[in-house]
Amino acid sequence: MLEEAGEVLENVLKASCLPLGFIVFLPAVLLLVAPPLPAADAAHEFTVYRMQQYDLQGQPYGTRNAVLNTEARTVDADVLSRRCVLMRLLDFSYEHYQKALRQSAGAVVIILPRAMAAVPQDVVRQFMEIEPEMLAMETVVPVYFAVEDEALLSIYEQTQAASASQGSASAAEVLLHTATANGFQMVTSGAQSQAVSDWLITSVEGRLTGLGGEDLPTIVIVAHYDAFGVAPWLSLGADSNGSGISVLLELARLFSRLYTYKRTHAAYNLLFFASGGGKFNYQGTKRWLEDSLDHTDSSLLQDNVAFVLCLDTVGRGSHLRLHVSKPPREGTLQHVFLRELEMVAAHQFPDVSFSMVHKKINLADDVLAWEHERFAIRRLPAFTLSHLENHRAGPRSSIMDVRSRVDSKTLTRNTRIIAEALTRVIYNLTEKGTPPDMPVFTEQMQVQQEQIDSVMDWLTNQPRAAQLLDKDGTFLSTLEHFLSRYLKDVRQHHVKADKRDPEFVFYDQLKQVMNAYRVKPAIFDLLLALCIGAYLGMAYTAVQHFHVLYKTVQRLLLKAKAQ
C-alpha cells in the first residue's frame, strides 16, 4: 500500500495535478507558513483608573467592584449583559451609561482623549454635569477610565464595527460574523478592592505673629489642597482648589516680607491653614477646630479671631463672590473687609464684578456646602471667596478641571484684589486716607505671576485626591517646606477615621493594569472543530478507497500521454 501511495504521489508531482495537489498539500502549507499574530495585535496592556469608591457618614459612594474579566462591546451592541462596555468621552452620555447599568454590563471603560485641554467645551460642560450623578448612586459594576493610545483606539474601533454589524445584518450574516470575527477579552490584573485602614488626612498650619500685645486680633486664611473627580488618579483640581492654595501661598510670601520689618509689622496675627480632606466634608478643618478649640489652651483660634477667609476656586471668570452664612454687621472687621473688597475691585479692577452671596447652613445635609461653614458652626466669623455662583458647580468636582482651565492673568488679578483688600484692613489704610485706586503692592512687593504659575504647574502635575496623598509623600513635604520658608511654627495636623464609627472610609485598587486579549468567540471553536472533522473524514475516506483513487489517477495519466 505504501509503495502504491508513493507511486501515486510521484505521478501527481510529475503530472502537476494542481487540483489534487492543492487539496492534499494546502492544510500542511497553511500550518507551516501562517505567521502568528504580532504581540501588539494579540494583546495590549494599558493603565486604567477606577471610579471613586468611598464611604462618607456611613453612606457608600461610587463603584464597589474592581475585578474585570469579560469580553468587550461598545454601547451600540444590542446585548450588553456581562460585557465590558467601551465608551469614548466624545460619545459618552448619561443615557448610554444608564443603558449599560440597566443591562447588567460586566464593566464600563470610558476612554479619554490624550489632550484633555483640546476637548470641546460643550463636551466638558456635559461631563461635568454627569460626574456628580455617576457618584451619587452606588453601583456594583466596575467603572474604569483609560487614556487613549493608538492600540486602544484600534480596539475600540474594531469592537464598535463588530457591535454595529450585529445590529444591522441578517440572522445568517450575524451568525457568520459571530463565528469568524475577532473579539477582545478585557482583564484587570488587580484584586478586589479593600478598605484602607488607618489612613491619615493631613493638614498644614503656619503663622505670622503680629507686633504688640498678646491679645491681638487674628485673621485666618484657609484653603483646602485636595482635588476631587469621578476618578481619583485623574483628579488634578486646577481651579478647585489649586487656585485657592496658590493664592494662600502667595499671600504667605507677601505678608512674610511685610512682617519682616518693624515699620510694616502689623498688629494682627495671620494664621494660614492648608487643609486636607476638603472634598470629604472638610475633615481636616473639622479636626483642626476640635483640637484647637476643645483640646488645647494655646491656640490663636481661641483668642480674638477677626475673621476667617476661605479661598475656593478663584482661577477664572470675571466674577468674585463672597459666600457668607450670615451677612456681616456694620462696624465689624468682616464688614470692613467686605467693603475693602468692593472698593478695590471697583476702583483698581473695574472689569471684575464683585458681589456677596448669602446662604444659610443646612445642617440636615450630609455634606456642608462651603468650608467657611465649618467655622461658622463653631461661631467664628467666616466667609468663602470664589468665582462660582453656588457650591454645586461642576468644576468643584471634575476630572475636567485641568491646568488649562485656570487663566494665569485672572488668578494673578484675583490674588492682587485679595492682597490689596487684606492689607487695607490690616493697616487701616482707608481710614488713614489712602485713595482706593492707589495700589499697595508695587515694584518689588508686587504679586508675581511667574511664582503663581510655577506653583500651579506643580499642583497640577500630580493627582491630589485625598486617598492618594500620604502624610510622608513628596507633595505634603513640599507644601510644608514651602510654608516654612515664609511662616513660623509650621506643623502638620492629622485626621484618622474612628474604627467603630468612621466618618470616612477609603478603598484601594484605584489604579490598575488592564489587558486586552484578542480572542475568537466560542462558536468559532465549534466551527473549527466541524471543519477539522470534515477534513479528517475526507482523508479517512480517501485512504479507505485508495484503490479507486489510484485507478482514477492512472486513467487520467494514460489519457494525458495518449494526447
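Cβ coordinates come from backbone N, Cα and C, glycine included.
According to Swiss-Prot, the features are:
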type	residues	note
SIGNAL	1-42	signal peptide
TOPO_DOM	43-522	topological domain 'Lumenal'
CARBOHYD	Asn241	N-linked glycosylation site
CARBOHYD	Asn428	N-linked glycosylation site
TRANSMEM	523-543	transmembrane segment
TOPO_DOM	544-563	topological domain 'Cytoplasmic'
For the topological domain 'Cytoplasmic' (544-563), residues assigned helix / strand / coil by DSSP: 18 helix, 0 strand, 2 coil
Cα distance (Å, whole number) from Asn428 (N-linked glycosylation site) to Asn241 (N-linked glycosylation site): 30
Asn241 (N-linked glycosylation site), number of other Cβ atoms within 10 Å: 33
